[in-house]
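Engineer: Once you've had a glance at the structure underneath, I'll fire off some questions.
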């Protein structure tokens, strides 16, 4: 028995021979576990023994696991007491001991012992070899990773062996089993392509533990109330560019701009209507040349009518320019043709309205010798009015030149438009000038509403300008609130088509109808009685202009002829 105690004592002394007063370096005595055997001295010996046994019912029970280990404890206590009682063995030195019961298993005791040793040196000699520690105090060696399986009974299966000398070298013992894992929440949508098989898992499947799934192609992170462990940041592409799918959305490419092409349905419609309008306008122009000596056409001022026909023809040609691919040159041409065609239509119309008002007003007052009523003077006045629009357009174009621009109405859509930008000042100046002409025409047409029954020129002028006002009142708010450029272009061309078509019908086709079908009809006596006043007016104003007689010579025509 004494020999065995001496052997245990030699082992313990060899363990702590290079670490005196070990207990004071670890923890005070009042922090030791309850199951401990302590006697302090100048040199304290430490030992760990699994004296009691672990069971499922209790973490620590009062049942001896190995009675032999208790004898080891008694041997240590006995040996220390014998040495202390014999001064000749260790003179002036008193031995002590700290013996702990790990209560679970021997591996736990080893782990506790390792906590003491790295405080003093990296290598500790023991009876079975050397214990190595790294710079952080972790013991070097091999670790066995076990998996606890909740099977019946509970199993402990080794799955990996890790050597701290080569941490990247893992020895696979058994595969990790996942068949007992249950998902808390499926973070993938039902139609997503899962990186792993769906639950329930088989033994060969590895679950994915994420707080949110990775962003897929064409997706970006939307942060909800609870923040996650990561997010998917996306850098927006510059304007007019879109992520490239071939590079997995890591680069941007230019968006091909969209502009009117001749295969579009709208472009085909505008082209056909424009060509039809050109054909009709040319036909009316030829008919006016053919019937230029007719009294109705002469009374309506042939020269001003030819200017208006040219403006209508120019408007239909402008529609073809609008459907052409936008360029810097084409946008400038479209803007000038648009403004010039409107102004060339309404400037002669205003001069006509003022001329009719002056002639009949002077006749009613008995005034003779009117000035500026000859055809040449009327054309000159019309050109002066048109030059006002030209000067305004030149000034506006110098400040903000019409140009072809790219627009992307919605940044989240791969849609870019190439269109002509006429600028807001350019459109505002055009509308203000031409609507002023239309309003003045309306005023003078209203003033001449009480003319004789057979002079309907002012009546057709009133219907023309009233329809024009309705068209533009509907066009302006729709144009300003539209976000798509192709809609704005469509609105401009439709306004142009309706406006010039209305003028063509009311101002020209009605006169051609009267010339062709009513000029040679026999007039009734009632019509003559109602037009005698006009003949008298004509005789008083005959000297004012040779062509002023044309305005009143229509008295020979039947009622509602002009």
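Positions of Cβ are set from backbone N, Cα and C atoms, glycine also.
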Engineer: Ranges 197-221, 222-246, 372-396: which does TrEMBL label transmembrane segment?
Structural biologist: 372-396
Engineer: From the ranges 266-291, 526-551, grab the one TrEMBL calls transmembrane segment.
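Structural biologist: Going through 266-291, 526-551 one by one, TrEMBL flags 266-291 as transmembrane segment.
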Engineer: Looking at the stretches 266-291, 303-321, 372-396, 460-480, 486-509, which one shares the most CB pairs under 8 Å with the transmembrane segment (427-448)?
Structural biologist: 460-480
Engineer: Look over the recorded stretches 266-291, 372-396, 460-480, 486-509 and say which has the most C-beta pairs under 8 A to the transmembrane segment (333-351).
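Structural biologist: That would be 372-396.
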Engineer: Using a Cβ distance cut-off of under 8 Å, indicate which of 303-321, 372-396, 486-509 has the most pairs with the transmembrane segment (266-291).
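Structural biologist: Most contacts with the transmembrane segment (266-291): 303-321.
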Engineer: Would you mind giving the whole-number mean pLDDT across the domain 'G-protein coupled receptors family 3 profile' (266-517)?
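Structural biologist: Average per-residue pLDDT within the domain 'G-protein coupled receptors family 3 profile' (266-517): 85.
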Engineer: For the transmembrane segment (460-480), what are the same-chain contacts with Cβ under 8 Å, counting residues 6+ beyond its ends?
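Structural biologist: For the transmembrane segment (460-480), the list is 349, 352-353, 431, 435, 438-439, 441-442, 445-446, 449, 488, 491-492, 494-495, 498-499, 502-503, 506-507, 510.
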Engineer: Who are the long-range neighbours of the transmembrane segment (372-396) in its own chain, taking Cβ under 8 Å and residues 6 or more past its ends?
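Structural biologist: Residues packing against the transmembrane segment (372-396) from afar: 301-304, 307, 335-336, 339-340, 343-344, 347-348, 350-352, 355, 358-359, 423, 425-426, 429-430, 433-434, 437, 544-548.
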Engineer: Same-chain Cβ contacts of the transmembrane segment (486-509) under 8 Å, 6 or more residues past its ends?
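Structural biologist: That would be 258, 260, 266, 270, 273-274, 277, 280-281, 284, 288, 305, 308-309, 311-312, 315-316, 318-319, 322-323, 338, 341-342, 345, 349, 417, 419-420, 460-461, 463-464, 467-468, 471-472, 475, 478-479.
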